[in-house]
Amino acid sequence: MAPCTLWRCCQRTVGWVPVLFITFVVVWSYYAYVVELCVFTLSGNGENGKAVVYLVAFHLFFVMFVWSYWMTIFTSPASPSKEFCLSNSEKERYEKEFSQERQQEILRRAARDLPIYTTSASKTVRYCERCQLIKPDRAHHCSACDMCILKMDHHCPWVNNCVGFSNYKFFLLFLFYSLLYCLFVATTVLQYFIKFWTNELTDTRAKFHVLFLFFVSTMFFISVLSLLSYHCWLVGKNRTTIESFRAPMFSYGTDGNGFSLGCSKNWRQVFGDEKKYWLLPVFSSQGDGCSFPTRLVGTDPEQASVSNQSESARSIGSNQPFPIKPLSESKNRLLDSDPQWLESGSEEGVGGSGTNNHVTVAIEN
(Lines of atoms letter the chains of each structure in order from A and count residues from 1; the text may use other names and numbers.)
(Lines give C-alpha, C1' and ligand atoms only; values in the text may rest on other atoms or scores of the structure.)
Protein backbone atom coordinates (compact mmCIF):
# COMPACT_ATOMS: atom_id res chain seq x y z
CA MET A 1 0.00 0.00 0.00
CA ALA A 2 1.36 3.40 -0.99
CA PRO A 3 2.34 5.70 1.91
CA CYS A 4 -0.14 8.40 0.84
CA THR A 5 -2.97 5.85 0.66
CA LEU A 6 -2.05 4.46 4.08
CA TRP A 7 -1.91 7.96 5.52
CA ARG A 8 -5.35 8.82 4.11
CA CYS A 9 -6.82 5.61 5.54
CA CYS A 10 -5.39 6.51 8.95
CA GLN A 11 -6.86 10.00 8.66
CA ARG A 12 -10.31 8.62 7.85
CA THR A 13 -10.13 6.19 10.77
CA VAL A 14 -8.97 8.80 13.27
CA GLY A 15 -11.66 11.15 11.94
CA TRP A 16 -14.35 8.99 13.56
CA VAL A 17 -12.89 9.39 17.06
CA PRO A 18 -14.72 12.70 17.82
CA VAL A 19 -17.97 11.20 16.47
CA LEU A 20 -17.56 8.14 18.69
CA PHE A 21 -16.90 10.41 21.66
CA ILE A 22 -20.12 12.37 21.04
CA THR A 23 -22.01 9.10 20.54
CA PHE A 24 -20.70 7.76 23.85
CA VAL A 25 -21.74 10.92 25.71
CA VAL A 26 -25.21 10.84 24.13
CA VAL A 27 -25.76 7.15 24.93
CA TRP A 28 -24.60 7.66 28.51
CA SER A 29 -26.84 10.74 28.92
CA TYR A 30 -29.79 8.67 27.70
CA TYR A 31 -29.09 5.98 30.29
CA ALA A 32 -28.47 8.49 33.08
CA TYR A 33 -31.67 10.44 32.40
CA VAL A 34 -34.09 7.63 31.55
CA VAL A 35 -32.89 4.91 33.93
CA GLU A 36 -31.12 6.62 36.82
CA LEU A 37 -33.24 9.78 37.03
CA CYS A 38 -36.72 8.88 35.78
CA VAL A 39 -36.92 5.18 36.68
CA PHE A 40 -34.89 4.92 39.88
CA THR A 41 -35.04 8.43 41.34
CA LEU A 42 -38.45 9.81 40.33
CA SER A 43 -40.43 6.56 40.29
CA GLY A 44 -38.63 5.40 43.41
CA ASN A 45 -39.92 8.49 45.22
CA GLY A 46 -43.50 8.10 43.96
CA GLU A 47 -43.28 10.80 41.27
CA ASN A 48 -44.62 8.60 38.48
CA GLY A 49 -46.62 11.33 36.75
CA LYS A 50 -43.64 13.66 36.55
CA ALA A 51 -41.48 10.79 35.29
CA VAL A 52 -43.88 10.12 32.40
CA VAL A 53 -43.98 13.80 31.38
CA TYR A 54 -40.20 14.04 31.56
CA LEU A 55 -39.75 10.89 29.48
CA VAL A 56 -42.12 12.04 26.72
CA ALA A 57 -40.49 15.45 26.40
CA PHE A 58 -37.00 13.98 26.68
CA HIS A 59 -37.55 11.51 23.85
CA LEU A 60 -38.93 14.25 21.60
CA PHE A 61 -35.75 16.29 21.95
CA PHE A 62 -33.59 13.17 21.81
CA VAL A 63 -35.08 11.91 18.53
CA MET A 64 -34.79 15.29 16.78
CA PHE A 65 -31.23 15.70 18.02
CA VAL A 66 -30.11 12.25 16.86
CA TRP A 67 -31.94 12.61 13.54
CA SER A 68 -30.24 15.94 12.79
CA TYR A 69 -26.85 14.62 13.87
CA TRP A 70 -27.24 11.55 11.68
CA MET A 71 -28.19 13.63 8.62
CA THR A 72 -25.24 15.97 9.16
CA ILE A 73 -22.81 13.06 9.33
CA PHE A 74 -24.11 10.86 6.54
CA THR A 75 -25.29 13.37 3.95
CA SER A 76 -22.65 13.32 1.25
CA PRO A 77 -21.21 16.75 0.45
CA ALA A 78 -22.44 18.14 -2.86
CA SER A 79 -19.72 18.54 -5.49
CA PRO A 80 -19.73 20.56 -8.73
CA SER A 81 -21.56 19.05 -11.69
CA LYS A 82 -19.84 17.84 -14.84
CA GLU A 83 -20.48 21.16 -16.59
CA PHE A 84 -17.66 22.62 -14.52
CA CYS A 85 -15.16 19.98 -15.64
CA LEU A 86 -12.91 20.67 -18.58
CA SER A 87 -13.47 18.62 -21.71
CA ASN A 88 -10.78 16.13 -22.64
CA SER A 89 -9.43 18.42 -25.35
CA GLU A 90 -9.40 21.44 -23.03
CA LYS A 91 -7.72 19.44 -20.30
CA GLU A 92 -5.07 18.20 -22.73
CA ARG A 93 -4.33 21.72 -23.97
CA TYR A 94 -4.23 23.04 -20.41
CA GLU A 95 -1.72 20.41 -19.27
CA LYS A 96 0.54 21.02 -22.26
CA GLU A 97 0.73 24.77 -21.66
CA PHE A 98 3.60 26.04 -19.52
CA SER A 99 2.51 29.66 -19.62
CA GLN A 100 0.10 30.62 -16.87
CA GLU A 101 -1.40 33.29 -19.10
CA ARG A 102 -2.16 30.71 -21.79
CA GLN A 103 -3.60 28.34 -19.19
CA GLN A 104 -5.83 31.12 -17.91
CA GLU A 105 -6.98 31.87 -21.44
CA ILE A 106 -8.08 28.24 -21.79
CA LEU A 107 -9.90 28.38 -18.45
CA ARG A 108 -11.49 31.72 -19.32
CA ARG A 109 -12.96 30.34 -22.53
CA ALA A 110 -14.21 27.23 -20.71
CA ALA A 111 -15.81 29.34 -17.97
CA ARG A 112 -17.47 31.81 -20.34
CA ASP A 113 -20.76 29.90 -20.47
CA LEU A 114 -20.79 29.04 -16.77
CA PRO A 115 -22.72 31.03 -14.11
CA ILE A 116 -19.51 32.19 -12.43
CA TYR A 117 -19.19 35.63 -10.83
CA THR A 118 -16.21 35.07 -8.55
CA THR A 119 -12.51 34.81 -9.23
CA SER A 120 -9.38 34.46 -7.17
CA ALA A 121 -7.74 37.49 -5.58
CA SER A 122 -5.51 37.89 -8.63
CA LYS A 123 -8.52 37.94 -10.99
CA THR A 124 -7.86 34.45 -12.33
CA VAL A 125 -10.38 31.68 -12.91
CA ARG A 126 -10.67 29.56 -9.77
CA TYR A 127 -9.47 26.19 -11.01
CA CYS A 128 -8.89 23.12 -8.83
CA GLU A 129 -5.82 21.23 -9.99
CA ARG A 130 -6.70 18.29 -7.76
CA CYS A 131 -10.28 17.80 -9.01
CA GLN A 132 -9.52 19.26 -12.45
CA LEU A 133 -12.57 21.48 -12.58
CA ILE A 134 -13.52 25.14 -12.53
CA LYS A 135 -14.84 26.01 -9.09
CA PRO A 136 -18.39 27.38 -8.91
CA ASP A 137 -19.04 30.46 -6.79
CA ARG A 138 -18.49 29.78 -3.08
CA ALA A 139 -17.13 26.28 -3.75
CA HIS A 140 -13.76 25.27 -2.31
CA HIS A 141 -11.55 22.21 -2.19
CA CYS A 142 -11.48 20.37 1.14
CA SER A 143 -8.15 18.71 1.82
CA ALA A 144 -9.73 16.36 4.37
CA CYS A 145 -12.47 15.11 2.01
CA ASP A 146 -10.17 15.46 -1.03
CA MET A 147 -12.92 16.99 -3.17
CA CYS A 148 -14.47 20.33 -4.07
CA ILE A 149 -17.51 21.16 -1.93
CA LEU A 150 -20.39 23.38 -3.06
CA LYS A 151 -20.87 26.40 -0.78
CA MET A 152 -18.30 25.01 1.60
CA ASP A 153 -18.59 26.33 5.14
CA HIS A 154 -15.99 24.25 6.99
CA HIS A 155 -14.87 20.70 7.65
CA CYS A 156 -16.28 19.75 11.05
CA PRO A 157 -14.40 17.08 13.05
CA TRP A 158 -17.42 16.52 15.33
CA VAL A 159 -19.41 15.14 12.39
CA ASN A 160 -16.40 13.88 10.39
CA ASN A 161 -17.84 15.54 7.32
CA CYS A 162 -17.71 18.72 5.32
CA VAL A 163 -20.47 21.19 6.11
CA GLY A 164 -21.66 22.81 2.91
CA PHE A 165 -24.62 23.33 0.62
CA SER A 166 -26.06 19.82 0.98
CA ASN A 167 -26.04 19.59 4.80
CA TYR A 168 -25.68 23.10 6.22
CA LYS A 169 -29.34 23.15 7.24
CA PHE A 170 -28.86 19.79 8.99
CA PHE A 171 -25.82 21.17 10.80
CA LEU A 172 -27.80 24.18 12.06
CA LEU A 173 -30.64 21.94 13.24
CA PHE A 174 -28.11 19.66 14.92
CA LEU A 175 -26.81 22.63 16.91
CA PHE A 176 -30.35 23.85 17.62
CA TYR A 177 -31.68 20.52 18.91
CA SER A 178 -28.52 19.75 20.85
CA LEU A 179 -28.98 23.12 22.56
CA LEU A 180 -32.61 22.31 23.42
CA TYR A 181 -31.60 18.82 24.53
CA CYS A 182 -28.93 20.12 26.91
CA LEU A 183 -31.21 22.89 28.20
CA PHE A 184 -34.05 20.48 28.92
CA VAL A 185 -31.78 17.99 30.68
CA ALA A 186 -30.07 20.66 32.78
CA THR A 187 -33.30 22.35 33.90
CA THR A 188 -35.14 19.14 34.79
CA VAL A 189 -32.13 17.62 36.56
CA LEU A 190 -31.35 20.77 38.57
CA GLN A 191 -33.71 20.15 41.51
CA TYR A 192 -32.45 16.59 41.94
CA PHE A 193 -28.89 17.79 41.55
CA ILE A 194 -29.50 20.07 44.55
CA LYS A 195 -31.12 17.25 46.55
CA PHE A 196 -28.22 14.90 45.91
CA TRP A 197 -25.70 17.67 46.56
CA THR A 198 -27.27 18.41 49.96
CA ASN A 199 -27.67 14.68 50.74
CA GLU A 200 -31.45 14.99 50.82
CA LEU A 201 -31.45 11.97 48.50
CA THR A 202 -29.01 9.18 49.32
CA ASP A 203 -29.02 6.81 46.33
CA THR A 204 -25.27 6.56 45.74
CA ARG A 205 -25.40 5.13 42.21
CA ALA A 206 -28.00 7.59 40.91
CA LYS A 207 -26.22 10.44 42.68
CA PHE A 208 -23.10 10.08 40.55
CA HIS A 209 -25.05 10.01 37.27
CA VAL A 210 -27.36 12.90 38.16
CA LEU A 211 -24.55 15.16 39.40
CA PHE A 212 -22.36 14.42 36.40
CA LEU A 213 -25.31 14.76 33.99
CA PHE A 214 -25.99 18.29 35.19
CA PHE A 215 -22.37 19.36 34.78
CA VAL A 216 -22.04 17.82 31.31
CA SER A 217 -25.34 19.22 29.99
CA THR A 218 -24.52 22.70 31.30
CA MET A 219 -21.04 22.63 29.78
CA PHE A 220 -22.31 21.51 26.37
CA PHE A 221 -25.15 24.04 26.51
CA ILE A 222 -22.72 26.94 26.92
CA SER A 223 -20.44 25.64 24.16
CA VAL A 224 -23.23 24.97 21.66
CA LEU A 225 -24.94 28.29 22.43
CA SER A 226 -21.89 30.26 21.35
CA LEU A 227 -21.44 28.20 18.18
CA LEU A 228 -25.13 28.35 17.22
CA SER A 229 -25.23 32.11 17.83
CA TYR A 230 -22.27 32.58 15.51
CA HIS A 231 -23.82 30.51 12.73
CA CYS A 232 -27.16 32.28 13.09
CA TRP A 233 -25.28 35.52 12.55
CA LEU A 234 -23.61 34.01 9.47
CA VAL A 235 -26.97 32.91 8.04
CA GLY A 236 -28.42 36.37 8.61
CA LYS A 237 -25.50 37.87 6.69
CA ASN A 238 -25.49 35.06 4.06
CA ARG A 239 -21.85 34.24 4.70
CA THR A 240 -19.97 31.00 5.12
CA THR A 241 -17.31 30.53 7.77
CA ILE A 242 -14.70 30.87 5.03
CA GLU A 243 -16.22 34.14 3.79
CA SER A 244 -16.44 35.53 7.32
CA PHE A 245 -12.66 35.44 7.57
CA ARG A 246 -11.98 36.60 4.03
CA ALA A 247 -14.66 38.79 2.52
CA PRO A 248 -15.42 38.26 -1.17
CA MET A 249 -13.98 40.81 -3.55
CA PHE A 250 -16.45 42.10 -6.11
CA SER A 251 -15.96 44.37 -9.11
CA TYR A 252 -16.54 47.36 -6.85
CA GLY A 253 -14.19 46.08 -4.15
CA THR A 254 -14.26 43.88 -1.06
CA ASP A 255 -17.74 43.33 0.34
CA GLY A 256 -18.53 40.87 3.12
CA ASN A 257 -22.24 41.30 2.40
CA GLY A 258 -21.96 40.67 -1.33
CA PHE A 259 -24.25 37.63 -1.25
CA SER A 260 -26.65 39.13 1.29
CA LEU A 261 -30.20 39.69 0.03
CA GLY A 262 -31.66 40.78 3.36
CA CYS A 263 -32.10 38.75 6.54
CA SER A 264 -35.39 37.08 5.54
CA LYS A 265 -34.20 35.99 2.10
CA ASN A 266 -30.88 34.88 3.52
CA TRP A 267 -32.61 32.55 5.96
CA ARG A 268 -34.86 31.20 3.23
CA GLN A 269 -31.84 30.33 1.12
CA VAL A 270 -30.84 27.84 3.82
CA PHE A 271 -34.23 26.68 5.13
CA GLY A 272 -36.38 27.10 2.00
CA ASP A 273 -39.82 28.60 1.42
CA GLU A 274 -41.86 25.75 2.93
CA LYS A 275 -42.19 26.57 6.63
CA LYS A 276 -43.36 23.05 7.45
CA TYR A 277 -39.86 21.78 6.65
CA TRP A 278 -37.89 24.39 8.57
CA LEU A 279 -37.54 22.38 11.79
CA LEU A 280 -37.17 19.00 10.10
CA PRO A 281 -33.78 17.65 8.98
CA VAL A 282 -34.87 17.18 5.37
CA PHE A 283 -33.30 19.07 2.50
CA SER A 284 -35.27 22.21 1.59
CA SER A 285 -32.58 24.80 0.78
CA GLN A 286 -33.00 27.05 -2.24
CA GLY A 287 -30.94 26.77 -5.39
CA ASP A 288 -28.56 24.23 -6.84
CA GLY A 289 -25.38 25.15 -4.96
CA CYS A 290 -23.58 26.12 -8.17
CA SER A 291 -24.78 29.72 -8.51
CA PHE A 292 -26.08 32.30 -6.06
CA PRO A 293 -27.83 35.66 -6.43
CA THR A 294 -25.90 38.66 -5.19
CA ARG A 295 -26.62 42.28 -4.42
CA LEU A 296 -25.98 42.95 -8.12
CA VAL A 297 -29.50 41.68 -8.83
CA GLY A 298 -31.58 44.55 -10.12
CA THR A 299 -28.60 46.38 -11.61
CA ASP A 300 -27.09 43.61 -13.75
CA PRO A 301 -29.63 41.92 -16.05
CA GLU A 302 -27.33 38.96 -16.63
CA GLN A 303 -26.99 38.37 -12.89
CA ALA A 304 -30.74 38.72 -12.45
CA SER A 305 -31.30 36.10 -15.14
CA VAL A 306 -29.02 33.64 -13.39
CA SER A 307 -30.63 34.38 -10.01
CA ASN A 308 -34.17 33.81 -11.26
CA GLN A 309 -33.17 30.40 -12.57
CA SER A 310 -31.45 29.59 -9.29
CA GLU A 311 -34.48 30.64 -7.25
CA SER A 312 -36.68 28.20 -9.18
CA ALA A 313 -34.45 25.22 -8.38
CA ARG A 314 -35.72 23.36 -5.34
CA SER A 315 -35.25 19.96 -3.78
CA ILE A 316 -37.27 18.76 -0.79
CA GLY A 317 -36.49 15.50 0.99
CA SER A 318 -33.27 13.90 2.10
CA ASN A 319 -30.87 12.01 -0.16
CA GLN A 320 -32.39 13.43 -3.34
CA PRO A 321 -30.26 14.69 -6.23
CA PHE A 322 -29.91 18.44 -6.38
CA PRO A 323 -31.38 19.96 -9.56
CA ILE A 324 -28.88 21.67 -11.82
CA LYS A 325 -30.18 24.40 -14.07
CA PRO A 326 -29.13 24.42 -17.74
CA LEU A 327 -25.81 26.22 -17.51
CA SER A 328 -25.71 26.93 -21.23
CA GLU A 329 -28.55 29.41 -20.75
CA SER A 330 -26.56 31.51 -18.29
CA LYS A 331 -23.72 33.07 -20.23
CA ASN A 332 -21.37 34.87 -17.92
CA ARG A 333 -20.95 38.36 -19.33
CA LEU A 334 -18.65 39.32 -16.50
CA LEU A 335 -16.09 36.77 -17.57
CA ASP A 336 -16.69 37.45 -21.23
CA SER A 337 -16.14 41.18 -20.86
CA ASP A 338 -12.70 40.90 -19.26
CA PRO A 339 -10.18 40.76 -22.12
CA GLN A 340 -7.24 39.56 -20.06
CA TRP A 341 -6.57 37.51 -16.95
CA LEU A 342 -3.69 38.15 -14.62
CA GLU A 343 -1.26 35.57 -13.38
CA SER A 344 -2.74 32.56 -11.61
CA GLY A 345 -2.87 32.47 -7.81
CA SER A 346 -3.15 29.38 -5.69
CA GLU A 347 -6.03 28.68 -3.42
CA GLU A 348 -6.31 26.12 -0.71
CA GLY A 349 -9.33 24.40 0.77
CA VAL A 350 -10.27 24.14 4.44
CA GLY A 351 -9.38 21.08 6.45
CA GLY A 352 -10.76 21.93 9.87
CA SER A 353 -13.55 23.67 11.70
CA GLY A 354 -12.99 27.25 12.68
CA THR A 355 -9.86 27.97 10.63
CA ASN A 356 -9.26 31.29 8.98
CA ASN A 357 -6.54 30.98 6.43
CA HIS A 358 -7.57 29.29 3.26
CA VAL A 359 -9.86 30.99 0.83
CA THR A 360 -10.27 34.16 -1.18
CA VAL A 361 -13.47 34.84 -3.10
CA ALA A 362 -13.71 37.66 -5.62
CA ILE A 363 -15.63 38.87 -8.65
CA GLU A 364 -13.98 40.28 -11.73
CA ASN A 365 -14.82 43.50 -13.48
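A Cβ is built for glycine as well, from the same backbone N, Cα and C atoms used for every other residue.
Going by the topological domain names that Swiss-Prot assigns, Thr5 and Arg93 belong to one and the same side of the membrane. Under 8 Å, Cβ to Cβ, and six or more positions away along its own chain, Ser29 (site 'Important for selectivity toward medium-length fatty acids') finds Val185, Leu213, Val216, Ser217. Fewest other C-beta atoms within 10 angstroms, among the binding-site residues Lys135, His140, His141, are seen around His141.
Across the domain 'DHHC' (126-176), DSSP helix (H, G, I), strand (E, B) and coil residues number 9 helix, 16 strand, 26 coil. Computed over the domain 'DHHC' (126-176), the whole-number mean pLDDT of the model equals 95. You'll find the Cα of Tyr181 (site 'Important for selectivity toward medium-length fatty acids') roughly 38 Å from the Cα of Lys135 (substrate binding site).
The recorded positions considered are Cys142, Ser143, Tyr181; of these, Ser143 has the fewest other C-beta atoms within 10 angstroms of its C-beta.
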